[in-house]
Amino acid sequence: MNILMVGAGSMSESLVRGWIDSGIAPESITMTNRADRKRLSELANEHGVQIIEEESIESFDIVVLAMQPEGVLEYVKRHEWTNQLLVSVAAHITPDEIEQISGCGAVCAMPNTPVAFRTGMTGLWFGHQVAMEQKQLATELFLRVGEVVETDETTMPFLMAAAGCSPAFFYEIVGAMTPVLTEAGFEAQQARRIIAQAMKGSAELLLQDARPTDALIDDVAAPNGPTDRGVQVLRTHELKKIMRAALSESAREA
Ligand SMILES: NC(=O)C1=CN([C@@H]2O[C@H](COP(=O)(O)OP(=O)(O)OC[C@H]3O[C@@H](n4cnc5c(N)ncnc54)[C@H](O)[C@@H]3O)[C@@H](O)[C@H]2O)C=CC1
Ligand SMILES: O=C(O)[C@@H]1CCC=N1
């Protein structure tokens, strides 16, 4: 299976890192990038992947379109497609648009950067021309680097907001919490570790324990205790409203 990654930005590198860690041979992955050849060479040195300047599409089984969304359809138009599986990771592109131009099966995937550590969450939206074995192939590819959920036109934007974009929301929260710890005397890296480990543990609990989040909060918060008082601050500042607005804004096609 030969994979071409078009675009060598952060999403592309995260996928490559995760796929290689999952056992995919680096030699079967080729990367190309429109700008920044130096970055491409660094990726070849770091991961052992192939790099090229001008690609011949017919040598690849899977072509991952990992450039910014505005370049995707133009790239598909510029090339001759035979029987490749096209996988776009771009926001707000539909499989039908790609299939109409290429005549090949297309999958719109929405991964997130944690795929680099095989803890990703990827939404897959299959086009009408995707054959059963291609569905299986795409699903297996993304299962190598985390969990997969099937999406469609309606759910994809919200999957994107909640899984593709949300790592940035979590980093924003960590960024807001860290100074409180450093002001108390922790080193910045130690503060970050404390918060990240608490987040990781809470995520594990959420995955293992199906009770509603209010019940999980009750496990932590004694009435009028420190947690309860902290949660009240979040509620007074209407965190739920803020999170709803952030997710809706990310899901919206600008
Ligand atoms: N960064 C993230 O967490 C996620 C990104 N995505 C999607 O992944 C895509 C890439 O995002 P990033 O990696 O963050 O962007 P990026 O800006 O870091 O990387 C995009 C790369 O594609 C290259 N490029 C653009 N047009 C090209 C072309 N025609 N041929 C070859 N290379 C080309 C650019 O030079 C750049 O290096 C976007 O469409 C985005 O919507 C999806 C999920 C999560
Ligand atoms: O914000 C972006 O452009 C991409 C789409 C999903 C996550 N990052």
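All positions are counted from 1 along the displayed chain.
Glycine residues also receive a Cβ, built from the backbone N, Cα and C atoms like all the rest.
So that you can see what the record holds, here are the features copied from TrEMBL:
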- 3-91: domain 'Pyrroline-5-carboxylate reductase catalytic N-terminal' (DOMAIN)
- Ala66, Met67, Gln68, Pro69: NADP(+) binding site (BINDING)
- 153-253: domain 'Pyrroline-5-carboxylate reductase dimerisation' (DOMAIN)
Quiz prompt | Candidates Ala66, Met67: member of the binding-site residues with the richest Cβ shell (10 Å) | solution = Ala66
Quiz item: From the centroid of the CB atoms of Ala66, Met67, Gln68, Pro69, the recorded NADP(+) site, which same-chain residues not already listed sit within 8 A by their CB, in sequence order?
Solution: Gly7, Gly9, Leu65, Glu70, Gly71, Val72, Val89, Ala90
Self-check item: Tertiary neighbours of Pro69 (NADP(+) binding site) (same chain, Cβ under 8 Å, six or more apart)
Solution: Ala90, Ala91, His92, Ile93
Exercise. Name, in the order they occur in the sequence, the residues of the same chain whose CB lies under 8 A from the CB of Gln68 (NADP(+) binding site) and which sit 6 or more residues away.
Key: Gly7, Ala90
Practice problem: Would you mind splitting the domain 'Pyrroline-5-carboxylate reductase catalytic N-terminal' (3-91) into helix, strand and coil residue counts from DSSP? | Solution: 39 helix, 18 strand, 32 coil
Self-check item: For the domain 'Pyrroline-5-carboxylate reductase dimerisation' (153-253), the mean pLDDT of the predicted model
Solution: 98
